[in-house]
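Below you will find the structure I want to go over with you.
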């Protein structure tokens with residue numbers, strides 16, 4: 001059996017642990033050096049494959065490969081580049097397969113979310129037809145936790161932990177200031193379509209009535225009167241109120257809060273203005289002093305407070321993808337399976353990509369409390385295991401030491417530059 | 001010698017380590033139980049003294065007192081309440097002394113910034129005149145690092161570490177996305193008058209040219225053209241640009257960026273809108289895709305990533321205040337002294353409050369690079385030791401376990417309620 005090389009690429013918004021999956025891939029390939037040759041990583045994701053910009057992973061030091069496990073964001077570069085459908089741009093897929101053929105690549109390991117699962121599936125299908133079969137395995141990654149079939153997505157546990165920790169800490173701050181100053185704190189978190197990240201803020205609660213007092217989900221239509229009444233009531237009862245708002249919070253008609261009111265003044269439609277919209281309401285209608293925070297990239301890059309469970313799972317799906325490749329599989333994705341039993345334990349399972357692509361997992365309605373402002377015990381039971389354990393990176397000079405890759409590119413073999 | 005009690009209060013914006021100072025106070029008082037009686041803490045700071053709402057610290061468990069060392073924010077409650085001048089409201093100072101007299105309090109330990117140093121001094125002076133001398137000791141605390149005489153302020157080192165870590169992490173994120181998506185990341189940090197916190201982001205740099213690429217200080221007049229040119233140039237050279245902006249960034253005429261442009265749409269003058277103002281400029285003038293974050297309370301409550309040096313110093317000044325009290329001193333403040341020598345070491349010194357009150361320590365001009373967008377080696381040499389070491393809190397259920405005090409109030413002895 002001839003040894004084929006493996007191509008690995010990172011796709012879409014990065015996470016605190018996507019490099020742990022890369023580490024799992026690379027270490028597993030090394031163990032299977034009798035079956036798989038080198039790992040080539042796409043410089044800036046799939047764009048690197050289209051441009052024939054392939055990072056020769058064998059040029060990286062062993063220390064750097066080990067350090068990938070504790071390095072956040074996409075060390076090889078990621079991209080937001082969705083391949084069109086086969087009908088619309090078959091040439092793009094054919095180019096991919098041509099590049100893979102030129103570099104003797106037999107394994108396509110694609111680390112991303114829903115869109116990349118779809119791409120992965122198409123590469124698997126088309127390569128068969130083109131007579132150069134490539135084993136395409138998708139490795140799950142998303143902070144949004146919206147992939148189907150897997151119990152949870154690697155990347156989510158760490159953002160969940162960051163949000164829970166930050167909510168607990170900021171809540172102590174407003175609680176200590178509220179007698180004479182700030183009464184309301186609004187914390188805007190990621191989540192355009194699904195409220196998983198906002199829900200994780202509830203893990204900050206230790207006792208009934210603890211902050212956050214209000215959580216806003218994209219799944220629940222925003223009702224201004226009801227929201228303001230709840231803020232007012234909470235301030236009266238507790239002296240302060242902590243609100244965690246999903247960036248995708250929307251009115252019943254589907255208008256995003258971030259697209260309405262004050263954010264229009266920014267002159268853009270990019271989400272990320274729920275918190276200023278909310279505090280403006282609170283000031284105008286209730287006259288309460290407020291503070292607000294917007295974590296943005298901080299939340300998904302916060303490797304310093306990553307969940308040890310998440311790191312272990314991200315690493316495991318990376319390894320599992322290689323095992324699946326070695327076992328001759330294609331068009332599949334390793335998934336996290338929650339084992340049954342009273343204590344949390346997990347294992348890695350397998351899902352066919354045809355069932356993964358183009359499906360989004362929303363929060364079940366029974367995870368959201370009846371009034372729409374909190375989560376149920378079922379949600380807490382689901383979320384709690386995912387943030388367990390700390391996995392601190394090494395520090396030097398007071399800051400975490402993260403991998404710095406050399407990113408040596410493989411010599412190009414194709415003339416065509418594909419116009420990118 | 002009769003044993004007097006001690007009064008302790010937290011003042012102004014809280015920090016990740018102000019409770020470490022409280023822990024130092026309480027533990028040192030216990031060791032001097034032959035000289036000092038109980039510790040009464042003001043519920044919500046000095047307001048608690050005026051209202052005669054005194055927390056009986058002896059009612060708290062030993063575990064909770066120990067846990068204060070790793071608990072952020074003001075566990076006894078803080079307040080934004082500045083006593084007027086003696087001429088304007090002498091009655092307020094007299095009320096304080098009356099309350100102290102009623103509870104046999106001989107030591108006033110006030111934990112705060114510049115304003116509270118001033119209050120502390122006045123209490124010391126007036127109590128002498130009123131024939132009930134109180135030893136007033138100020139314990140330094142501020143994230144802004146703007147107190148004079150002390151080498152640095154407890155509270156600053158931890159926010160500095162948080163900003164350095166977060167900047168490094170978010171910079172990796174934008175670097176991995178920039179090929180096809182976000183080109184500019186703007187991170188707004190605290191600092192109205194002094195740029196110490198923004199300066200600390202430079203500690204994220206490991207090699208020349210690393211992020212942050214632009215730092216905006218309140219001390220340097222904002223020049224829109226120069227700023228946009230630097231953003232453009234950085235994106236061209238590095239593919240992306242990371243900007244760290246002080247909330248107090250202002251134009252040459254003293255107008256805050258946060259008070260101009262888009263933030264007017266929020267309908268308030270509260271600072272905290274530099275980042276949206278900047279990204280709006282970047283979008284309109286350069287057309288670059290951006291993300292932005294506003295850390296707000298997250299940065300000063302982030303005990304999970306506190307600087308071990310800062311924690312040790314905060315604890316030490318708490319203890320030192322008690323030692324000064326026992327030594328018969330008044331109108332003084334323990335300070336951090338940077339010892340000379342090639343290796344960083346520090347000790348606790350003493351400063352007279354009359355030299356502390358109403359003076360603000362700005363960043364020296366030679367700490368800011370010539371172009372005004374970065375820091376010099378002198379600044380790095382000053383800042384680096386302050387973020388050294390990690391001092392992780394204990395975790396339970398995936399989140400840090402922080403002290404929850406009972407806050408049992410001492411029975412009131414005075415009829416008058418002082419109208420508060």
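Cβ coordinates come from backbone N, Cα and C, glycine included.
Bear in mind that TrEMBL entries carry predicted annotations, made automatically and left uncurated.
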The substrate site in TrEMBL lists A:142, A:143, A:144, A:190, A:191, A:192, A:297, A:298, A:299, A:300. Which one of A:92, A:247, A:350 belongs there according to the record?
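TrEMBL names A:247 for this substrate site.
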Tell me the Cα distance separating residue A:115 (site 'Important for catalytic activity and substrate specificity') from residue A:144 (substrate binding site), rounded to the nearest angstrom.
13
To the nearest whole angstrom, state the Cα distance for the pair residue A:141 (site 'Important for catalytic activity') and residue A:300 (substrate binding site).
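Just about 12 Å between their Cα atoms.
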Counting Cβ atoms within 10 Å across all protein chains shown, which of the binding-site residues A:13, A:191 comes out on top?
A:191
Looking at substrate and its recorded binding residues A:142, A:143, A:144, A:190, A:191, A:192, A:247, A:297, A:298, A:299, A:300, figure out the farthest C-alpha pair and report it in angstrom, whole number.
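So the binding residues stretch over 17 Å, Cα to Cα.
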So if the criterion is CB under 8 Å to a CB of chain B, which of the recorded positions A:141, A:142, A:191, A:298, A:300 qualify?
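Near chain B - Cβ to Cβ under 8 Å - we find A:298, A:300.
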Roughly how many angstrom lie between the C-alpha atoms of residue A:13 (diphosphate binding site) and residue A:142 (substrate binding site)?
7
Between residue A:142 (substrate binding site) and residue A:115 (site 'Important for catalytic activity and substrate specificity'), how many Å separate their Cα atoms?
11
If I take the alpha carbons of residue A:300 (substrate binding site) and residue A:115 (site 'Important for catalytic activity and substrate specificity'), what is the distance between them in whole Å?
19
